[in-house]
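Structure record follows, encoded as structure tokens.
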Amino acid sequence: MLDNQTIATVKSTIPLLSATGPKLTAHFYERMFKHNPELKNIFNMSHQLNGDQREALFNAICAYAANIDNLKVLLPAVEKIAHKHASLNIQPEHYQIVGTHLLATLNEMFQPGNEILDAWGKAYGVLADIFINREEQIYHSGELTDGGWRGLRPFRINRKEVKSEVICSFEFAPQDGGKVMDYKPGQYLSIYLQDDSFANREIRQYSLTAAPNGSSYRIAIKREPQGIVSNHMHDKMQEGDTVWLTAPRGDFFLDIKPETPVTLISAGVGLTPMMSMLYHLHQQNHNSPINWLHAAEHGGHHAFSHEVAAIAQAMPNFAGTIWYREPRDEDQQGIHYQHKGFMDLTVLNEALKTEGMHFYFCGPVAFMQYVAKQLLDMGIDKQFIHYECFGPHKVI
């Protein structure tokens, strides 16, 4: 535990940190990658270029300083980050490297003196121990689970299937022929790739898109115009090729009782964790109302529509509503989609106000902000709202 003087000293730096903004974390990452370039094989360097990771780390540092005397407030964020770290196979020695560069960054930017540096050193040590212990629990639990493993495991691509003009699904089976551990609906895999065309090893997280079966995993990947990994997977990786995976991770998953009504909301490739949730509900014979709301650019970008339709036929409590922003001539309203334009939840006002209904959603950040605002404006309590960001976490 931290003493009162250390807590007060760390809190005294909040105005300085806030005034500096993400310049602090930009300096930190630049320094760390210069002195420890091997870490480029762990971090998603695309998020370094667009600034998302710098902003996320800056927000995390400020949140830690502000709540250092009440760490329970940070537990949800710790859980999310710990799962992400476990998917990246982060080890205790990585925390020592990060701590060294964090303190050096504070010293180089502010020259705050030994008292502040010592306080931040103690504070970082406490936080690092929290993460190290939680991540070890995640690793150990995975090892003990039937079909589980620690670290990386080689898989082969069993099946590659086009799901839309921009989305391909990939089914992986372990090369050792063994079982694979179950996962919670909404969780993700990390895929590790190395290629001569890459500057570094690349690691990406992709949501699982089916129900657990003990023998294989399925994900879906959207081709991003500048995406190093997504284009490689779409264009280069074929059935029979090898990839390396860490075990399923993630703190965003369906967690409701059988009698709970639920609405699954998505846009674009954000439907991938919802597919896993929908298959789970079908597998469990969920008999309470299920609303499936999805937004796509048009029919050519609408993935998994046939799979969802098949599940819908088997579940009388299922109600699907689709929005196409710009339907093509061949997209038929009432058959392929119900509404044109952006997702307007007021058309389902009464259905969404079912008592005790939970809402899970995923998609582009602007879409999720738009959805969250509509739900809150309807009077939906925050405790019933759950969401997942692809990439560094943002508060919606």
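Just so you know, glycine gets a Cβ as well, placed from its N, Cα and C.
According to Swiss-Prot, the protein carries these features:
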type	residues	note
ACT_SITE	Y95	active site, charge relay system
ACT_SITE	E135	active site, charge relay system
BINDING	H85	heme b binding site
BINDING	Y188, R204, Q205, Y206, S207, C389, F390, G391, P392	FAD binding site
BINDING	G268, V269, G270, L271, T272, P273	NADP(+) binding site
DOMAIN	1-136	domain 'Globin'
SITE	Y29	site 'Involved in heme-bound ligand stabilization and O-O bond activation'
SITE	K84	site 'Influences the redox potential of the prosthetic heme and FAD groups'
SITE	E388	site 'Influences the redox potential of the prosthetic heme and FAD groups'
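Annotated features taken from Swiss-Prot, shown on the structure.
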| residue | record | DSSP (3 states) |
| --- | --- | --- |
| Y29 | site 'Involved in heme-bound ligand stabilization and O-O bond activation' | helix |
| K84 | site 'Influences the redox potential of the prosthetic heme and FAD groups' | helix |
| E135 | active site, charge relay system | helix |
| Y188 | FAD binding site | strand |
| G268 | NADP(+) binding site | helix |
| P273 | NADP(+) binding site | helix |
| E388 | site 'Influences the redox potential of the prosthetic heme and FAD groups' | strand |
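Annotation: no binding-site residues among Y188, Q205, G268, G270, T272 have CA atoms within 10 angstroms of the CA of E135 (active site, charge relay system). Here the Cβ of Y29 (site 'Involved in heme-bound ligand stabilization and O-O bond activation') has 20 other Cβ atoms within 10 Å, regardless of which shown protein chain they belong to. Y188 (FAD binding site) is 8 Å away from P273 (NADP(+) binding site) when you measure Cα to Cα.
Secondary structure at S207 (FAD binding site), taken from DSSP and collapsed to helix, strand or coil, is strand. For K84 (site 'Influences the redox potential of the prosthetic heme and FAD groups') paired with T272 (NADP(+) binding site), the C-alpha to C-alpha distance reads 18 Å. Sequence-distant neighbours of F390 (FAD binding site) (same chain, six or more apart, CB under 8 Å from its CB) are Q205, V269, G270, C362, listed in sequence order.
Neighbour density for G270 (NADP(+) binding site): within 10 A of its CB lie 23 other CB atoms from the protein chains shown. Of all the recorded positions listed here (Y95, Y188), the one with the fewest other CB atoms within 10 A of its own CB is Y95. Cα proximity to Y188 (FAD binding site) (within 10 Å) is found for none of the recorded positions Y29, H85, Y95, G268, L271, E388. On its own chain, G268 (NADP(+) binding site) has K222, A295, A296, E297, H301, G363, P364, F367 as residues at least 6 apart in sequence with a Cβ closer than 8 Å to its own Cβ. For the domain 'Globin' (1-136), the model gives a mean pLDDT of 94.
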